[in-house]
Structure formats: structure tokens, C-alpha cells
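**Student:** Quick one: structure below, then a few questions.
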């Protein structure tokens, strides 16, 4: 490798953007095939290609940052800006769902019975499973902060314990949400209430699964001593993402479960 006189990471040629684009094409085409012809072969191929691409691409990023030293302070600064912009884009994504919910609920049409929840809809009790879910996510926010502070203080064992607790709470939240969906007295096809409820809470649930996966990767990386108190952006990004998921849930709980019921 030639000597470089700047602090920026000039990435090497990589096949993963190409395989990632191909997997996206296979997944979207596979979804159409599944919807119209009830065949999951193409979708399965797309998902497999996507998983392999993500694994190998992020493996390369870890190699470049942890073992090759390409992630200098300037590069980390750029990654931080990138993560902040990504979270802002996610905030706008969820803003659309809240807009749809409030647009429908603040001025219910005659077709809905002129009331909210619409006539015939029996909403979930906000003081049962949704309240438990809220406390679970708030507790996970505390434990991820404990993990971050432990890492900053160089206390590896406490960091691993706190991270494991956070992951366990994330998995517990997902199971509670799945049971709530299974027992819900309405479906996604029950008018605007069902569609806004399931799309907003469903996308939040997907983000919890993504965040839990992010934290599991951080847990295994910490087992291999990848993070130090001064070099741990991978974990920091996961913590930021988890706090974002927390805050979105609080808005969902207050808007859709509590006020909307």
C-alpha cells in the first residue's frame, strides 16, 4: 500500500454495492412474484443475497476500522454526520405516519361514523401491554446508557452485562408486540384506523429488530475486544439508533395507544 499524506479513507474497489443493488432487484421482483403467483423462490434468493452482501460489506468495514486503522478522527467525524443525517431521515419517515394518523383522527369523515376510533373498532387498552412495552423500552434506554458509560470508563464486564440486558429487553419488546398483534381485535384491513395503527407500530417494530441486530453485533465485537474508550463509533451509532427507537415509541404510545383510543 502506498503511503498517504492525508487523514481520509480512500476505499478500495468493492463488489458489495453491485451485489446489494442486485439483491434489491431480486427482493422487489420476488415480492411481486409472491403477491401475484404465490412463489417465494425469487424472494428467498433476494433475501439470501441481501443478507450475504450486508454481512460481507460490514465485515469489510470492521476490518478497515479496527484492524487497518483507516477510521481516523476525520473519518469518524464524517461517519457521525452520516449517522445523524440517517436518523433525521428516519424522523421524517415516521412523521409521515403521524401525519396520516392525525389527519384521519382529528377530523373523522362521515364514513368513519364521525368519531375516533371509528365505529366498530375496539382499540387496545393503553394501560395493559402497551404500557408494559413502554416501560421495557425505557429500561433498555437506561441499560444502553449504562453500557456506554461503562465503555468510557474501561469497565468491559459491566459494558457486556448492560449490553446483554439491552438486547434481552429488545427481544422481549418484540415478543410482546407480536403477541399484541396476534390478539388484536382488528386487522390492517379495518379501514384507516387499522392501516395507520399497524403500519406505524409495525415499522417501529421493524426498527426495534434492526436495532437489536445492531446491538448483537456490538456485543460480539466487544467479546473480541474491538472497542476502546476512545475508538467505538460502531457502538455509539447503535446507542444513538436505540435512543431514537425509544423516543419514537413514546410518541406512538401517547398518540396512537393513549390519545387515539
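Every residue, even glycine, has its Cβ placed from backbone N, Cα and C.
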**Student:** Per the topological domains given in Swiss-Prot, are residue 127 and residue 261 together on one face of the membrane?
**Tutor:** yes
**Student:** DSSP says what for the topological domain 'Mitochondrial matrix' (1-15): how many helix, strand, coil residues?
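**Tutor:** Helix, strand, coil within the topological domain 'Mitochondrial matrix' (1-15): 0 helix, 0 strand, 15 coil.
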**Student:** Answer with yes or no whether the transmembrane segment (233-256) touches the transmembrane segment (129-152) by the criterion of at least three Cβ pairs under 8 A, sequence separation 6 or more.
**Tutor:** yes
**Student:** Counting by DSSP, what is the helix, strand and coil composition of the topological domain 'Mitochondrial matrix' (224-232)?
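**Tutor:** Here the numbers are 0 helix, 0 strand, 9 coil.
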